[in-house]
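Some notes on the structure that comes next.
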Amino acid sequence: MARVRDNWERLVRATLRREQIRTTGPGYESQPSGLAGAVPPSLGRTSNIDAILQAADEIQDDDPDVARILCEQAYSMAQNLDPSSEGRGVLQFKTGLMSVIKQKRAKRDGAPIDRSADIERLWQFYQLYKQRHGVDDIQQAEQKWQDSRVSSANFGELVEMRKVFATLRALIEVMEALSENAAPGVGRSIMEELRRIKRSDAALSADLTPYNIVPLEAPLTNAIGFFPEVRGAISAIRYTENFPRLPSAVEISGQRDPDMFDLLEYVFGFQRDNIRNQRENVVLTIANAQCQLGTSDDAQCQRENKIDEKAINNVFLKLLENYMKWCKYLRIRIAWNSLEAINRERKIFLISLYFLIWGEAANVRFLPECICYIFHQMAKDLDAILDHGEAEPHERYRSENGTVSFLKQIICPIYDRLHAEAERNNDGRAAHSAWRNYDDFNEYFWSPACFELEWPMKEDSPFLVKPTKRKRTSKSSFVEHRTFLHLYRSFHRMWIFLVIMFQVLTIIGFSGLPTNLDNFKIILSIGPTFAIMNFVESFLDVLLMFGAYATARGMAISRLVIRFIWWGVSSAFVTYVYLKLMEERNKHSSNPSYFRLYILVLGAYAAVRLVFAALLKFPFCHALSQMSDQPFFQFFKWIYQERYFVGRGLYEKPSDYIRYVLFWLVILICKFTFAYFLQIKPLVNPTRIIVKLPSLQYSWHDLISKHNNNLLTVASLWGPVIAIYLMDIYIWYTVLSALVGGVMGARDRLGEIRSIEMVHKRFESFPKAFVWNLATPRIERHPLEGQNSQEMNKPYAALFAPFWNEIIKSLREEDYISNREKDLLSMPSNTGRLGLVQWPLFLLSSKIYMAIDLALDCKDTQRELWSRICRDDYMAYAVQECYYSIEIILHSLVDGEGMRWVERIYREINNSILEGSLVMTLFLKKLPLVVQRFTAVTGLLIWNETPERAKGAAKALYEFYEVVTHDLLSPDLREQIDTWNILAKARNEGRLFSRIEWPQDPKIREQVKRLHLLLTVKDSEANIPKNLEARRRLEFFTNSLFMDMAPPKPVYKMMPFSVLTPYYSETVLYSSSELRDENEDGVSTLFYLQKIFPDEWENFLERINHGGSSGDIDFERSSSDNLELRFWASYRGQTLARTVRGMMYYRRALMLQSYMDRAGLIEEDYSSANVTTNQGFESSREACAQADLKFTYVVSCQIYGQQKQRKLPEAADIALLLQRNEALRVAFIHLEESVADDGKVSKDYYSKLVKADIHGKDQEIYSIKLPGNPKLGEGKPENQNHAIIFTRGEAIQTIDMNQDNYFEEAIKMRNLLEEFHRDHGIRPPTILGVREHVFTGSVSSLALFMSNQETSFVTLGQRVLAKPLKVRMHYGHPDVFDRIFHISRGGISKASRVINISEDIYAGFNSTLRQGNITHHEYIQVGKGRDVGLNQIALFEGKVAGGNGEQVLSRDIYRIGQLFDFFRMLSFYFTTVGFYVCTMMTVLTVYVFLYGRVYLALSGIDEGIAKEAKILRSTALDAALNAQFLVQIGVFTAVPMVMGFILELGLLKAVFSFVIMQLQLCSVFFTFSLGTRTHYFGRTILHGGAKYRATGRGFVVRHIKFAENYRLYSRSHFVKAFEVAVLLIVYISYGYTSGGAVSFVLVTFSSWFLVISWLFAPSIFNPSGFEWQKTVEDFDDWISWLLYKGGVGVKGENSWESWWDEEQMHIQTLRGRILETILSFRFFIFQYGIVYKLHLTGKHTSIAIYGFSWVVLAVIVMIFKIFAFRPKKYAGFQLWMRFFQGVLALGLVAAITVIVIFTDLTVPDVFASVLAFVVTGWQILCLAITWKRVVKSIGLWYSVREFARMYDAGMGALIFAPVAVLSWFPFVSTFQSRLLYNQAFSRGLEISKILAGNKANVQA
């Protein structure tokens, strides 16, 4: 019966933990198991049931009866919490728990249960448990550490004892609950124990209390709590008698004293967890501010646990700086009189209040000035409260039910309006002008009118007005209308400048230089041009403000109206005067009064503009403009430049200004010189000839070209030139930025160490460079007197070795190096008795043998021999180390006579060295034998001692003695040794070296091992590490040691920082199935990784003790090995696991640096005696605490709560990461649904922060209620925003989850953070840019292209942007933000829907506009993954291009474009949206050129004007086309790339890399990317539709179906490529080329290259794209997709009809339809021109011919409809219909044949007509799609859809046919594999196919 009970209990337990085991799977570390793992969340959040059940599981085997008591108590608690079992899973849990309890009771064989006995039993077990686990001893060790701050030897075991403490705490909780029923004696004992624990047992009361970093609600027991700064900060916020008295009813959470936060919570109703969160935040902020002071009274403050007043002031001023600027801008009084008038306590109150408002503001955090307004009002309320004697809840924050709630009363009303407006955006499809975004709400507080809201805010105020469906709400001060006109409006100064310069150069080209007055007057025509273009800009200001007039500030509207009137009048006046001036010129008037007036007006205006430009733009005049308060001056200043709250003071210091002005002057000089001599001047004479040509004979019916001097011909000639003129400035910018960036990189010493050989050569200088740059404080830079170089380098090497070894250790852990490579790369600690520097063995390999060879060949003196050895420094080091190491080892091995022999030998040799007679004392020919004998000794000593080895070692040592004595020594010395009585006696008695002392000292053992390697390592092993990534990292790290970086401070003084990573649902950790599942080619991800990283795979197997295994390893047998395999693969992908590992290196580096600081490594006395190693730093409590004080890592897993509820594997993987990284924190959004009495479901959202507890469970730290769903805007910034409140420190690094980090780079983080305090211009830095390394470059050729392109931008490109241009923005991660600066100014990104789709860059815009400074630093790097497949890359570039399209519309771009000075504005434009404009202009140049050529060809005038004007191959056209082609194929994209290669790889490697890229068809890729960017950028501005596009970020090892490629690229590339192809065909068919076919090819080569690239790149870069079987399958799949009917619920990936409908979704507005209609009319030229070129029409040019062509087209359409008709009823009718179709087909063929035979219609005419009708049909199709509703209303939509299907079928067939033909040839597929992937994988791919074939045969 007992067996049955046991089985039943096991069954119940297995059932309860079934779900958890299913989700965690094999290989996971400890997870909550058994009963504790099944506790429902609704119970676990409000009680310790899970901890009690976990304790029951722990003690089940020790005492089942006590386990039963705990289970009963847990059941009682569950019953009390949820009596009716309404919570999810509660009923099942209680049922299962009761079953377990019944089984436990049944084991008592029916014996009654005595509750008092139970309690006594529990008490006895508690005492035995404490005794068994030595809890009292641990507590004593804890107290000893608290008193002495010196960790005891046993205290490290406390980490392992946490589970014991958790069990004890559960026992205590149960005893406390049951103590009422205890016997008097036991009850008293229990109560005394409880009192004792609450008073003194910190391990139980603190370490197990949920907390984040500092346990503020429990006694401070962890090391952070003992830092004087932390204790001082806690003391600073402590409640004092001066504050209002708190009522006794106020509950003080935890075991702490009341503090300021308790008052703020009680009065304002802040949430409890918000209070807890910000309490810790304020404590750490103040503590760190105190640490950084370093003032003279710092030591006294530390002793007294006080905070310096200056630390409080620093935090106060920085945090509230934006608030004070806001008050000054609005000219209102701040909430306090003056800084001197408030004491430190009130400053801390205000700091705490601001943080609490910010911490609970949720989405309102995106409205920084709204928070300023809330703070302003609450600060005044707080001031009144502090003046009262009693604290009372403030009435303004009291809700209807009487409770005080800041969230409900203040935040919720604002959130409700934000939410209502967000719903109006229709999921991003509504126009931006139809709803208010975050910026609109925030800018309401830029006006004094915001105080009309009063306090609390009035519900009926304009700010809180609820939007209605019919009436749109007015915007604030800017309206994001969707139009290209924003480009002109935002950057009108640049466009005016370019137009005026073009006008001037053209005038000079036609009229000559202004050397006479007439030419000068012509040039003065720029005056009307300037005035009119400014009038256009002012008109756009008025027009594009429509939608904001109702709520915009009156002053802003007045400015618009005044400017509009001013420029309207000015343009009219200037134009009138200039016309009069020209009349005077033509009349040759002797009294040029209008000329004088004109000059006077222009001069006066120019003078005024220069004055205001100087005052507002030039930095040295800006202070003067700010000082002037004259109303007249301020008025004109306001007219000249709008005054916003942001964007004021955007000027730089003079030196920076001069730099970027000179930069742009060089560019402009080159640009305009090129434009004049190669673009404008060559066209002057042809233009004159064309204009003067008589009426030309047109081959068509000319409608617009008569009597206008051949205007269209001139336009077709100048069109491409003008297009290139507008964009070629970017070409010059690219070239000059590459040159300047290269020079700056060389100056910064980048690329000095670019190979592992250079690492070897310069290694000797690394320790000193490391100490100078990375150690704290730096050693004084002067030589130490009386010491040689070895002695000088010794302390440097001792300081360098711990860090170098930790770097090598990290490389081994990451499997980049093997165990042997680790041994060879590691550096001795240099702390032993050896008086010289011990270098890593890879530097000394074979040096001993080389020295022996020199000795063997030596025929000279000792001095000359040593001189030859010293030519190689490392050879000299090796010889010296070997010599002294042998002495030390021999001294440790022998004693007695042996010791005397060693001393005698070394004494004789040393004397010989001093006398210079070593070659006479020793017989050097015997050195190889000596080394061989001693190697035999060390070869045994490196192993553990055994009797056999001891005997062998003694024998080997005696043989060594024999060789040295009788072979090596000279005869005289040998005779002296042999006749030495003591030695001879010992030798004769057999005692000499008969026994040795086996090395036990770790240092001696390490030295033996090192000496053995030194004597045995061969030269072939010197070239390590072999892994390319390991080499790259070591090369970069060592190179960075010589770069300029900020000097670091000790860890305790450094700036604290956080890392924030947003995560949604990407891969966390690859599962076993994901690694092993094979794709259709038989390639698994694991196989792929093994082939791509073969050496890393071998190193991994060696690390898990499977090295040298032959055949496949079954990892499933071992859960630990399987888990290691999953991590190994995940660390080579773009996974969250890789990112977390990389970021946690920061903590590890800080622990090491703190440990070394604390150990006194860097002192004035640098002798080796004071130097210790880094052993044990990871277990140092103080080092750990110091790292936690300075570093916080938060991963914002937005839907982690949902993933846990759904039992998704991602949740289990995230939990695993929490277990493996104790400092990791995960923030997520939690949703709780509840049903009200009326049946309505309410949703409550919480922002939660969790960590892993001692059992591996998620331990909730904070849970802050939100006003609603936080996702109102873009997902990623909202995800960041909810989690940013859990970050700490003064800096925050934003890291994407596709990034990585390295330990050696983490060491330099201290230096980087100090850049915030260095001089980087007129303002301190607010964002520190960091260099990135793209680690996905080895995956494929496409990945290599993206990697090189991205690397050139994040290095050379951003280097130039930061300096000299001063326009670097935030382009993504891993930049480091000034956290305090940004959280008080709106956060680290913007989140408004769609407009902020590229959320990252807006952080840079915002920082710049708010007087921030963004720098760039390249001595530190962070890894980053990029997309590796063509489709992934296209989706990513589509997202970025769409984001830039939205930026064009944004207020940030407009304000920066308006407020930057002219040259800085140019830099900003061409490095943001201007890049995409120029990209689009590159493509438009092709269209302009070809349409111009087609116009000339079809009109029939090309031959005539070519012969007269000779323009077809003009210099200007060649220059334009060549520039366009070079941009198209990515040459100018590659210029910075090549410069980067040259700088960091060397010239030869740079050339080789560039050639390899060209052979891998990178030009095809760049041309294809050009189309991607152009399509998405243009479509976004025209129609919108920008959205986040998930790219997958996985390994691309699968073949992409043709249908999938067609869906993705049809409209972006294929259609446009076919249009260009048709243009080329028409041009070659009807155009005139004087040079014949060769001339045509030269002119159109770039266009044909574009067509081929756009059509076939998806096939070229598609794995197995030319494999015949894949091609057949693709064709079948494409046909199925094409013919599959659509319908409701059918996705576009399954049906052509559904996809076709989705492709039309972007045309939503009337404006968009009109624009599409206008663009579609370009296709009419084909039919109109071709019909007049047919032989059938002859020379006739009547319009009736064109009209007749439409009749023919209509007939063709009717015939198509007849053939496409498929009747569904009446079989007889179907038969007649088929008969009629057949007769019609035969008649049609016969008619065409007759027409060809009996008329002038030729076969080429038939094909030309088909081409014309096809293009016209496409144009009609585009119009029908554009006006879809109209077409549907007249019943033609079905026909339109069928025509569209036919067009897509035809385009697909034309693309597919060449691919199918090439697929016939097997070598094409083989070539493609070599093209796409490296050779290792290509070989592996072939092997996989063979193996798959074998498997198939076996199965058959």
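Glycine is treated like the rest: Cβ placed from N, Cα and C.
Keep in mind that TrEMBL annotations are predicted by a computer and have not been checked by a curator.
What TrEMBL lists as domain '1,3-beta-glucan synthase component FKS1-like' is 345-458. Taken from TrEMBL, the feature transmembrane segment applies to 494-513, 525-548, 599-618, 657-678, 722-746, 1468-1490, 1525-1548, 1714-1731, 1743-1763, 1775-1800, 1806-1827, 1847-1867 (among others).
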Fill in: Per Cβ pairs under 8 Å, the stretch of 494-513, 1525-1548, 1714-1731, 1743-1763, 1806-1827 packing most closely against the transmembrane segment (1468-1490)
1525-1548
Worksheet item: With an 8 Å cut-off on Cβ pairs and a sequence gap of 6 or more, do the transmembrane segment (657-678) and the transmembrane segment (525-548) reach 3 or more such pairs?
Response: no
Worksheet item: Considering only Cβ pairs under 8 Å, which range in 722-746, 1525-1548, 1806-1827, 1847-1867 makes the most contacts with the transmembrane segment (1714-1731)?
Response: 1806-1827
Worksheet item: Counting only residues 6+ away from its ends, which parts of the chain sit with a Cβ under 8 Å from the transmembrane segment (1743-1763)?
Response: 700-701, 1727-1728, 1731-1732, 1737, 1780-1781, 1784-1785, 1788, 1809, 1812-1813, 1816-1817, 1839, 1843
Discussion item. How about long-range neighbours of the transmembrane segment (1806-1827): same chain, 6 or more residues beyond its ends, C-beta under 8 Å?
Written reply: 1622, 1625-1626, 1629, 1704, 1707, 1713, 1716-1717, 1720-1721, 1723-1724, 1726-1727, 1730-1731, 1733-1734, 1749, 1752-1753, 1756, 1792, 1796, 1836-1837, 1840, 1843-1844, 1847
Worksheet item: Apart from its near flanks, which chain residues at least 6 from the ends of the transmembrane segment (494-513) lie with a Cβ under 8 angstroms of it?
Response: 488, 519, 522-523, 525-526, 529-530, 533-534, 672, 675-676, 680-681, 683-684, 688, 722, 725-726, 729, 1462, 1465-1466, 1469
Worksheet item: With pairs closer than 6 in sequence left out, are the transmembrane segment (1525-1548) and the transmembrane segment (722-746) joined by 3 or more CB pairs under 8 Å?
Response: yes
Fill in: Predicted model, mean pLDDT over the domain '1,3-beta-glucan synthase component FKS1-like' (345-458)
90
Worksheet item: What are the DSSP helix/strand/coil residue counts across the domain '1,3-beta-glucan synthase component FKS1-like' (345-458)?
Response: 79 helix, 3 strand, 32 coil
